[in-house]
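Peer 1: Below you will find the structure I want to go over with you.
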Amino acid sequence: MGTPEFPDLGKHCSVDVCKQIDFLPFTCDRCLQVFCLDHRSYMKHSCPKGDREDVTVVICPLCAKGVRLNPNEDPNITWEKHVNTDCDPSNYEKATKKKKCPVPRCKEYLTFSNTIKCRDCNVDHCLKHRFGPDHTCPGPRKLPFMGFLSSSTTRKEAKTTRPNKAHPSTSSSSSSSRWSNLLSSAEAGISRLGNDISQKLQFSSSKDNGIVEVCPQCGAKFSSVTSLVEHVEKTHERNKKQNHGNVTVDVCPRCSRGFRDPVDLVNHIERDHRGTSKA
């Protein structure tokens, strides 16, 4: 087995009938024996441990659910557990019944690829009946309050039409009352408009003849803008000047010049007196 250069190269297949030497053998992960390419599967070499991790699922005829059989357990016991605990016969119709197109005489089953929902009626249809005229679309759904409004309007119309047939005088009285209401509302609007116009005219006349200008500082009233300006210059400007009299002033020791800002005084001494501050 192998060659003089590689004595361990290749192994014989474990199947008694085969015993073929394979230079790339396969080792079974269950029985840990060596096999050739033709006998590498569990069924080909009849592996005694091949069903340990085997997954076998049986479809229940009552609920159409998958039942997984345990290799280390009797299938009858597994089936009894499913029937007693997890089996639901009502699920059979949901799982087996396929959805069809709602159009009469259409036998097309609706799947993921051939289903289109109508934007107006929100119902699923097949590709053949996807347009509204093909499936007699009733149109978009009406809102409930729209129906309430339409019913209320029909009731009002019925109430108004019934007395018209029985008593024509009542219809004339109702129309006259409506006209009177319209006239009264129009008169009220006109009176309000007249009051607003009169108020504006009074305000403009008071501007021309009365006291309209008010001082923002003391609240004094004046008949013209010029008098208001004179008042501000005489009274309030003087008060500002008097208040500014309390500001500290720094005096130059050489020329007795006053400065409000000490920085300006230092710059003046360095510029005019060449940096000397001798008295």
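Each Cβ is built from the backbone N, Cα and C atoms, and glycine gets one as well.
Per Swiss-Prot, the feature Zn(2+) 1 binding site maps to C13, C18, C36, H39. Feature annotation from Swiss-Prot assigns Zn(2+) 2 binding site to C28, C31, H45, C47. Per Swiss-Prot, the feature compositional bias 'Low complexity' maps to 169-178. What Swiss-Prot records for 152-178 is region 'Disordered'. The zinc finger annotation in Swiss-Prot covers 7-55, 95-145, 213-236, 250-273.
Burial and contacts for the listed features, if you can.
Peer 2: Non-local neighbourhood of C18 (Zn(2+) 1 binding site): C36, D38, H39, each in the same chain, at least six residues away, with C-beta under 8 Å from its C-beta.
The Cβ neighbour count for C47 (Zn(2+) 2 binding site), using a 10 Å radius and every protein chain shown, is 18.
Taking H, G and I as helix, E and B as strand and the rest as coil, DSSP gives the zinc finger (7-55) the counts 0 helix, 8 strand, 41 coil.
In terms of DSSP helix, strand and coil, the zinc finger (213-236) has 12 helix, 4 strand, 8 coil.
Confidence over the zinc finger (250-273), given as mean pLDDT on the 0 to 100 scale, stands at 80.
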Peer 1: Give the sequence-ordered list of residues that share a chain with C28 (Zn(2+) 2 binding site), lie 6 or more positions from it, and have CB atoms under 8 Å from its CB.
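Peer 2: In sequence order, V34, F35, R40, Y42, H45, C47 meet the Cβ cut-off.
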Peer 1: For the zinc finger (95-145), jot down how many residues DSSP puts in helix, in strand and in coil.
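Peer 2: Residue counts for the zinc finger (95-145) by secondary structure: 7 helix, 6 strand, 38 coil.
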Peer 1: Can you give me the residues near the recorded Zn(2+) 2 site, meaning same chain, not C28, C31, H45, C47 themselves, Cβ no more than 8 Å from the center of the site's Cβ atoms?
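Peer 2: Counting only non-site residues, the set is S14, R30, Q33, F35, Y42, S46, P48, K49, G50.
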Peer 1: Calculate the distance in Å between the alpha carbons (Cα) of C31 (Zn(2+) 2 binding site) and C13 (Zn(2+) 1 binding site), and round it to a whole number.
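Peer 2: Distance (Cα to Cα, whole Å): 13 Å.
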Peer 1: So what sits near C13 (Zn(2+) 1 binding site) in its own chain, CB-to-CB under 8 Å and at least six residues off in sequence?
Peer 2: K19, Q20, I21, D22, P25, V34, F35, C36, H39
